[in-house]
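Trainee: Starting off with a structure, shown below.
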Amino acid sequence: MNRPSGRAADQLRPIRITRHYTKHAEGSVLVEFGDTKVICTVSAESGVPRFLKGQGQGWLTAEYGMLPRSTGERNQREASRGKQGGRTLEIQRLIGRSLRAALDLSKLGENTLYIDCDVIQADGGTRTASITGATVALIDALAVLKKRGALKGNPLKQMVAAVSVGIYQGVPVLDLDYLEDSAAETDLNVVMTDSGGFIEVQGTAEGAPFRPAELNAMLELAQQGMQELFELQRAALAE
């Protein structure tokens, strides 16, 4: 098995997390998984959705989008089409669920955090890059809210990261790029906490059904890659 990038089966793409990437948001990063690049911002606003009013807890929600020419051919903006596509809705819900798992919302006060993930260049793994980068931006945003005295305590329960794994040419591989993803027999997106818990596992057999042994091999590979991602997040936060 030869990966198009020349990477080993268990090798992540070069990953870079640049903090404080934009001026106005409480937290922001540019996250790069190889040639996939996503700007993740976290904005804090006072108040919560109607269903949470008066309960003394906060909320987190997410939006996701891709620039028209983030891919090989230009895609029409969803705003000009008048509605979001099913893929966009699925991904932004995944991002929201994943980041809420990192927080104790009762310590957020009646504040809402808006996660915005905008893909400026796509080469596979945009949702996993978004979750990994948005976690760092979220931690920076919480530090800003703490300085403002807006928090009841430390809402952060755990770090969260995500990575893709798949079966490519019959072999489990880590962190698929677009060429691999397009030809993979199986594709999984895995979201985990730094304590080793799984938040979400999304898996689809594209070429042939996968067997329990292959699923276990992919999950083990994801866990291995996740440890590297948590180290990269911590290193970025230490800068």
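We count from 1, first residue shown onward.
Glycine too: its Cβ is placed from the backbone N, Cα and C atoms.
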Trainee: Which single residue out of Arg81, Arg87, Arg100 does Swiss-Prot record at the phosphate site shared with Gly125, Thr126, Arg127?
Mentor: Arg87
Trainee: Relative to the Cβ of Gly125 (phosphate binding site), which residues of the same chain, six or more apart in sequence, are found under 8 Å away?
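Mentor: Correct list: Arg13, Phe33, Thr36, Val163, Ser164, Asp175, Leu176, Asp177, Asp181.
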